[in-house]
Amino acid sequence: MFTTTGSRGLYKAPLSKGLLLVLNGLTVILTLLPQYQELFVYNLQAVAQQHQVLWLLCGRLVCLDVKDAFCSSLLIYNFRIFERRFGTRKFASFLLGTWCLSALLDFLLAQAFQFLFDYEVEELPAGLLAPVFSLFVPFYRLIPRMPVTQVLGYIPITNKSLVYIVGLQLLTSSPFMWLLALSGLISGVLYHSNVLWLPKLLFVPAWVSCIGRYILEPLVSSSQPSSETPVGMGATLDIQRQQRMDILDQQQLLAQYNESTRNTRPQPQSGFLQWTRLFPSLRQRGQNRPPMQPHPQAQPQPSTQPPLLDNSPAEDQVARLVEMGFSRTDALEALRASNNDINSATNFLLQH
């Protein structure tokens, strides 16, 4: 399965939804009208020698192969979590920056391949492929790895395994897809690591973001998730089923985390002497200590003041959310807002 990003579809991910609709729609149209496919061929020689910038733009946006379009769409849908977490403008800036960097790296890697193996690379697979491969960099760094099961008892399967399998399928779909994958990964590392202050040089301007927010976003934005609609106010069976799916997603996320922490607990010491039994920890000492007899002469007076409520989040709950990939500040705010309910806090962080 894909990473646990909630079953909320493309809510708060208008750019991802727009890319899926427009790019896949153009792929279907070009499949039905093959006479126009030559305008979207990613030809390096035509771009370098004839300076056909339009071919560069079209060839690096629309996929001509249906298999490439399908795999890249699956990856874009899964990577929509970054648009939710960082915002549409930062997500668009990342795609724009990696698109420009990977375009330059495509020509450099093609020249290096020709110099080493005396083979000229003329065409590369068309589509928004290099920026999609660049998203594997934040996916590897920011999304926590949680074990799900094991195959044959030795091969671990995590919540990120299927995403890597889809990426491997996309990598092996064309002979020179490895060149686009390499340029995408290099550009993703450079942009995500803030090398040479690239995020400050290649970004989406604020005025472009405002135009997209007020003109384009209403056209492609998804409706509010049904889990936030009251069940008793005329909700349909689809809404109730969607709410159950959200609850199951959260429970599965917590179960995976608990399973991973249970597997990493320290095993008992082996040897002739087990020091943990001879010298228990301070917490165990406090639990095993016999109750002290109250002194008869010291009778506490009943207090008229109400007990103070400690609403501070527990440290283990904060640690769980931090290991899931959220910042400590966001985890504390979510736990305070949800009255220290880790299920509600996790749901709140995934929505925002």
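Cβ from N, Cα, C; glycine included.
Taken verbatim from TrEMBL:
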COMPBIAS  291-305  compositional bias 'Pro residues'
DOMAIN    312-352  domain 'UBA'
REGION    284-312  region 'Disordered'
TRANSMEM  15-33  transmembrane segment
TRANSMEM  91-112  transmembrane segment
TRANSMEM  124-143  transmembrane segment
TRANSMEM  163-191  transmembrane segment
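Taken residue by residue, the domain 'UBA' (312-352) breaks down under DSSP into 29 helix, 0 strand, 12 coil. If you look at the transmembrane segment (163-191), the same-chain residues 6 or more away from its ends with a CB under 8 A from one of its CBs are 2-3, 65, 67-68, 71-72, 74-75, 78, 94, 97-98, 101-102, 105-106, 109-110, 113, 121, 123-125, 129-139, 198-199, 202.
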